[in-house]
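Participant: To start, I am sharing the structure in question, which I have written as C-alpha cells.
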Amino acid sequence: GAAADNDLYINQAIVFIEDAIQYRSINHRVDSRSLWLYRWYYSRTCQWILSLTITVILALAFIEEPSSLTVTSDVRYRLPAWNPPCGLTESIELLCFLVFVVDVSVKSYLIGWKEFWKNKWLMAYILTLIVSLADWIVSLSFFCKESVRIRRILRPFFLLQNSSMMKKTLKSINSTLPEMASVLLLLAVHLSLFTMFAMLLFARTKDNQQDKEWVVYFRNLPDSLTSLLVLLTTANNPDVMIPAYSKNRAYSIFFILFTVLGNLFLMNLLTAIIYNQFRGYLLKSVQSSLFRRRLGIRAAFEVLSSLRETPASAQQSCVSVGALLQVLQKAEMDSRCKQAIMRSLKMCSCDQLSAVQFQKLFEELDKDAIKQHPPSPEYQSHFMQKMQFAFGHPCFGYLGNVVALANIISICVVLVMDADKQPSERDDFFLGAINCFFILYYLLEMLLKILAMGLKRYLSYPSNRFDGLLTVILLILEIATFAVYGFPHPGWRPEFMGLLSLWDMVRLVNMLIVFRFLRIIPNMKFMALVVTTLLDLVKNLRAFAGILVVVFYAFAITGIMLFKGAVVPLGNARGSEEYSEAEFTGSCVHISLGKKKVLSWCSAHFQAGVVYCFLYVLSVHLICRWAKIYFVAWWLISSVIWVNLFVALLLENFIHKWDRRCQRESLSGIEYQRTVELMFRDVLEEPTEEELMEKLHQHPHLQLCR
C-alpha cells in the first residue's frame with residue numbers, strides 16, 4: 001500500500017544520506033529487507049567486530065610457532081618460548097574465518113550477483129578464504145607439524161580488502177609501474193656496469209696479500225653484484241672500499257662515482273617520479289569522494305520526492321520539510337551537522353524543498369568542524385576577578401614554560417654530574433628535592449589555571465589535558481616515592497623496596513618531566529603549525545600506513561618460513577665471547593662464524609620474524625645465494641617503492657596543508673578540525689545535474705520515477 005511505499009522511501013533516503021556521509025557507494029540493493037541488513041552491516045558494532053577479527057588473526061603470528069614472545073631474541077640466552085598446543089590457534093583462526101565468510105556473503109548479497117561478478121576484490125576475497133581454509137585443514141591433518149603455512153602469508157589481504165583507500169592506492173601503483181620500471185631498469189644498468197668495472201678493477205693478482213678486495217667482495221659475479229647492491233643502500237659503506245683504499249687511495253674514486261650516481265641521482269629521481277605521479281592522486285580520490293556524497297544526497301532527494309504526500313501539481317520535483325525531518329531523526333550522523341540542518345529548516349519559510357535547496361542544506365557536511373571553548377566563570381568578587389585576569393593571562397603560561405625549562409636544565413646538570421658514579425656512590429637527595437619543588441609548582445599552576453578558566457574550559461584545550469594528566473601522574477609517583485622511601489635527605493640511597501627501586505622511580509619521574517616540556521609547542525607558532533599538521537596527517541593517512549603494515553607482515557611471515565632456525569649455536573653458548581661455527585638448516589650450507597655479533601643479529605631478527613637485518617646478512621654472506629632474491633625483493637618493494645610512495649603522499653598533504661594554514665588567520669578561542677576531504681575543498685569541481693542523474697539512472701537496483 002501507500003503507507004508501505006512511503007516507509008520504504010523514507011528508509012531508502014536514510015541509507016542514501018548515511019552513504020553520503022561516509023562516502024560510500026549507493027550501488028546496493030534497496031528493498032526493505034536489504035536496507036535493514038545494510039544498516040546492520042555498517043553499524044558500529046558489526047564494523048568493530050570485523051576490525052577486531054582482522055586484528056586477532058594478524059596478531060596470531062606472535063604466538064604461533066616459532067613464537068617471539070620472549071624477553072630476549074638472542075638464541076644464546078633466551079628461555080624456550082611458549083608454543084600453544086595444536087588446535088588452540090587453529091580454533092581462533094576458524095572463528096575468524098567464519099566471521100570473514102559472513103562478511104563476504106553479506107557484501108556479495110547486498111551488491112547483487114551481477115555486480116558481484118564485476119568486483120575483482122570480492123572474488124579475490126573468496127579465493128583467499130578457500131585457500132586459507134584448505135591450508136587450515138592440512139595443518140590439522142598433520143597435527144600442526146607442517147613447516148609451510150600458506151594462509152599466514154595471505155592474512156594481510158583481510159586488512160587490505162577492508163580499506164577502500166588501500167585499494168585505490170594499489171590501483172594507482174599499478175598505473176605508475178611503467179614509469180617506475182624505467183628508472184629501476186636504469187638502476188639495474190648502472191649496477192651491472194659498475195659490477196663489470198669492479199671485477200676488472202679488482203681482479204685477482206699474484207700477491208695474495210693485496211687481493212683482500214677480491215677475496216671479500218669481488219670474487220665472482222654474484223658476490224660483486226651483491227656488494228655493490230648493498231653499497232647502494234649504504235649498509236656496507238665504507239667497509240667495502242677499505243681494502244682497496246688501503247692499497248691505493250685512487251680506488252676511492254670508483255666508489256664515490258658509484259655512490260653519487262646511484263644514491264644522489266637515480267634513487268632521488270625515483271622518488272621524484274613517484275611524487276610526480278601521485279601529486280594529483282589524492283586530489284582525484286577526494287574528487288571521487290565528493291561525487292559519491294553528492295550522488296547519495298541526490299538519490300535521497302529523488303526517493304523522497306516520490307512520496308505520496310508530494311503535491312502532484314508541482315512543476316518540478318520537490319521534497320516536504322516534514323519528510324526530511326523524519327529522515328534526519330533516524331539517520332546516523334554527527335550531532336553538530338544534524339542540529340545545523342534542522343536550524344536551517346526551521347529558518348526556511350517554505351514547506352517544499354527543491355533539489356538545489358535540498359543539496360544546499362547538506363553542504364553543512366563539507367564545512368570545517370569548529371570547536372568553541374566554553375566561557376570562563378564570572379566571579380563577583382573584585383579580588384577573584386584580579387586573580388582570574390592574572391592567572392588566565394598568557395604571561396602566566398610563559399612563566400610555566402620558563403619553570404619547565406629550568407627543571408629540564410637542573411635534571412641535565414645532575415645527570416652530567418652523576419654520569420660516571422656507581423649506584424652506591426650516587427646521592428639522590430638533590431634530584432629528589434628539585435623534583436619535589438617543581439612538581440608542587442606544576443600542581444599549583446594547574447589549580448590556578450582551573451580557578452581562572454573553569455574546569456570545563458581548562459579541559460577543552462588539548463595542551464591543558466596533556467599538562468594536567470602528566471602533573472597528576474607526577475604527583476602520584478612523588479607521593480608513592482615518599483611513602484616507600486621517606487622524604488629526601490642527604491645520603492638518600494635506600495635499598496630496593498617494593499616494585500621499583502628509588503633510582504627507577506626517580507628516572508621515571510624525570511622522563512615524565514622531560515616529556516612534559518612538550519607543553520611549549522603550542523606557544524611557538526611555527527613549531528605548533530608543524531606538529532599539528534603532522535598529527536593531522538597521521539590521523540588522515542592511516543590507510544597508507546596500513547599498506548606498509550601489509551608489506552612488512554607478508555615479508556616477515558615469509559622470512560620466518562624461509563629462515564626459521566637458520567642460526568643454531570653449537571655447544572654451551574652461555575658466557576662464551578665468540579663462536580667458532582654455526583649451522584644453517586635447510587638448503588644453506590654449514591658456515592663458520594668468527595664473531596658473536598653476527599649470531600646476535602640473526603637471532604634477533606629472523607627468529608622473531610622481522611627482516612631488518614637483511615643488509616648486514618647480505619654483506620657478510622651468511623645465507624645461501626638463492627635467499628638473496630628474497631632480500632632484494634624486500635628492499636625494492638618496501639624501501640624503494642612503498643616508502644617513496646608514502647613520502648610522496650606525505651609531501652603533497654603537508655605542503656597543501658601548510659599553505660592553507662599559513663594563509664588563514666588564526667581565530668582566538670576557536671580550533672579548526674580538518675580532514676583530508678576538507679583540505680582540497682577549494683579546488684574541487686562540483687558535479688553537474690546531468691552527471692548525477694545519469695549515474696542514478698544506471699543504478700542496478702533503484703528505479704526512479706523520472
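Glycine too: its Cβ is placed from the backbone N, Cα and C atoms.
In TrEMBL, annotation is done automatically, which means it is predicted and not curated.
In case it's useful when we look at the structure, here is the feature table from TrEMBL:
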TRANSMEM  41-63  transmembrane segment
DOMAIN    53-278  domain 'Ion transport'
TRANSMEM  122-143  transmembrane segment
TRANSMEM  180-202  transmembrane segment
TRANSMEM  253-275  transmembrane segment
TRANSMEM  395-417  transmembrane segment
DOMAIN    405-654  domain 'Ion transport'
TRANSMEM  429-448  transmembrane segment
TRANSMEM  469-488  transmembrane segment
TRANSMEM  508-531  transmembrane segment
TRANSMEM  543-563  transmembrane segment
TRANSMEM  604-624  transmembrane segment
TRANSMEM  631-651  transmembrane segment
Participant: Does the transmembrane segment (543-563) reach the transmembrane segment (41-63) with at least 3 CB pairs under 8 A, where each pair is 6 or more residues apart?
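Facilitator: They do touch: at least three Cβ pairs between the two stretches lie under 8 Å.
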Participant: What else in the chain is close to the transmembrane segment (41-63), if you only count residues 6 or more beyond its ends and a Cβ gap under 8 Å?
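Facilitator: Answer is 18, 22, 24, 69, 82, 84, 89, 92-93, 95-96, 99-100, 103, 106-107, 110, 152, 155-156, 158-159, 162, 553, 556-557, 560, 609.
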Participant: Quick one: mean pLDDT on the domain 'Ion transport' (53-278)?
Facilitator: 85
